[in-house]
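Now, the feature entries from Swiss-Prot:
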BINDING   ASP21, HIS22, GLY23, LYS24, SER25, THR26, ASN138, LYS139, ILE140, ASP141  GTP binding site
DOMAIN    9-191  domain 'tr-type G'
Amino acid sequence: MSSSTTVVDTIRNFCIIAHIDHGKSTLADRFLEATDTLLHNQATAQVLDDMDLERERGITIKSHAIQMRYTSADGEEYILNLIDTPGHVDFSYEVSRSLAACEGALLVVDATQGVEAQTIANLYLAVEAGLEILPVINKIDLPSSDVEGVSQQIIDLMGVDRSEILEVSAKAGIGVDALLEAIIKRVPAPVDQRSKPLRALIFDSVFDAYRGAIVYLRIVDGMLNKGDRVRFFANEKVFLADEIGTMGLKRQPVKTLGAGDVGYLICSIKDVRDAKVGDTVTLADAPAKERLSGYKDVKPMVFSGLYPVNSNEFEDLRESLEKLSLNDASLVYTPETSAALGFGFRCGFLGLLHMEIIQERLEREYQVNIITTVPNVEYRVISSEGGTHVVDNPSKMPDAGFIEKIEEPYVSVQIITLAEYIGNIMKLAMERRGEYKNTDYLDTTRVNLHFEFPLAEIVFDFHDKLKSVSKGYASMDYEYIGYRDSDLVKLDVLLNGESVDALSTIVHRSKAYEWGRRLCQKLKSIIPRQMYEVAIQAAIGSRVIARETISAMRKNVLAKCYGGDISRKRKLLEKQKEGKKRMKQVGRVEIPQEAFLAVLNMDDQ
C-alpha cells in the first residue's frame, strides 16, 4: 500500500465542461490513453460514462473522477486529477460542486456547432468558482468544422487571445499531448494547506452493495489518514475511515491523503443521503470551525406520479426506487394512491431529463413497467385564512373558495439560436407565457435570447418544440429565479359525472378552455365505446367548460320484428332504454392506459 504524500506543486486538478455531445467523454478517453492509465486494447468508448444509459444517450449523469500520471516535456512527473462533470442543466448543482474541487477547467466547444447555451451556463459557473479556463475547440478534423468562426465566438465570449485557444480532435487523438502540456503550464497547482484542520469537499458518492456509500472528495485543507474518525457537517454524523485512496481505473488504497489530493473515502455509510454532494468532511477529534462554502440542499423541481402497470408490482416498484435512491440522493419519493391508478409513488426530480432517466432505469435495470402521470411543478397556495400550502399534485389543490392566490415557480431561460429562427422562437415563447427580456448577438448569425418563463410551461415538451421550430439549431439553459403570483385554475376531467383524479391538471386560466377542449377530444378518440353513452367533461370547480360524448353501442332489438304492431316495437325500444339507464348507473368506464399517456402528448394532434 503506497502513501500518497505527493508534493502539491505536481498536482493538477481540472475538469472538462461542455454542452452535451461536444466530445467531453471522448476527450477524457484520449487523456487516459495518452497517460497510459488505459491501454488502447482495454478501451471501451467513454470509459468514465459507466452506466449503459450514459453511453447510449451520450450524456454524463453522475460526476466521475480519475487520477492519471503524466511525464511532461521537462521530464517532471505530474499527477492529473480529472473530474468529469455532467453537462446537462438538470445536474448543474453537481457541476458546481465538481468545479469547486478543481483549480482549472477545459471549456470544450464543438467546431461544427459553436458555443451553445449550456457551454455559457457552465462557463459562468467556472468563472464564479474562480477557475483558470482553457478554451478548447474539438472535432477540428470534421469536414463541416468552422474553427475560425468558433474561435471568434470564444474570443467574444471570454475575451481571450486567439493564441490561447487550443485545437484538438478527441476522436482522432490530434492535439491531445499539446493540451496536456497546456494543462500543466496554465492550470495552477493547489495551495499547500496541509497544516490546517481537515476540510474535504464531497463532490460525488456512489453506493456499493458490500462497502456502503463510497464518497468521492477533494481535500482542501489538512490531512486525512486511514483509521481517522471523520465527521460530516450536514448531519453531524461520525464515521471511521476504513479505507481511503485515489482513483485510477480502479480504486487504489493509500494511507494518507493531503490538501490538493482528490480521492475516495469508505466508512461503512449505509445511506448515500448521509454523504451529500457539497458537504464538508472534517476530523471528529480536531474539527474545522466552519464548513466550505457553497453547500445547499438540492430541491426537486418537477414532480410526477409513477404507478405500476400491474397493481401487484407495487412492492417491486418500491424496492426499485429504494435501490435507485441509494445511488441518487436527489430522487425524492413518497407513496400515494389514486382512485384511477391504484397505489404508486409521487416522485420529485431535478428536471425533465432526470425524470426520463429515472423512468428508463426503472424499466431497463429493474424490469418494472410503469405509468407516468403528467409532470407538475410545486405550487404555493395562499389560503383565505393566510396559511400557505405547497401543492405538487393537482388532486391535492384546495377548493377555489378557500384560495386567496396561487404562486408558481419561474425560471430565467437563455436560448442560443441562429438569427433566422428568432421569429419562430418568439412565437413559441409567447404561447408558453414567456416574458422576453433582451437579446445578445454572439456573432453575425447567432443570438442569445433571454426570457423568463413559468417553470410549468417549459417542464413539459418545450425542449422538443424548441428543436423543431429552430430545425435543431437552438439550445437552451434555465435557472430558477423564485415564485410569482399567477392566475391558475385546477381543471378536472369527469367521466359520466365522476372525477378522474389522475387526469386533473393545473393550468393558467387563459389556457383552460383550449386545454379542456383538446383533452376531451383526445379522450374521446381513445376511450372505447361502451354499451351506454359516456359523457367526457372538462370542468373548473362546478363549471363545465368543454364536453364530448361517446355514443353508445346498441344492438338492433327490432331485428326479429317483421312488420307487426308499432307498439310492440316501442315496447322493445323502451325496455332497451331502461336497461341502458340502469347500466349507466352501475357501470364504470374502463379507462385504458393510453388515456393517461394521451395527456402527456397533447400536442401531437
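Each position is counted from 1, following the chain as shown.
Using N, Cα and C of the backbone, Cβ positions are placed for all residues, glycine too.
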Other C-beta atoms within 10 angstroms of the C-beta of SER25 (GTP binding site) total 24
Around the Cβ of GLY23 (GTP binding site), how many other Cβ atoms lie within 10 Å? Please give the count over every shown protein chain. 24
Using DSSP, would you call ILE140 (GTP binding site) helix, strand or coil? coil
Under 8 Å by Cβ from ILE140 (GTP binding site), same chain, sequence gap 6 or more: ALA111, VAL147, GLU167, VAL168, SER169, ILE174, GLY175
C-beta crowding around ASP21 (GTP binding site), within 10 angstroms: 14
Restricting to the domain 'tr-type G' (9-191), what is the model's mean pLDDT? 76
The number of other Cβ atoms within 10 Å of the Cβ of ASN138 (GTP binding site), counted over all protein chains shown, is 30
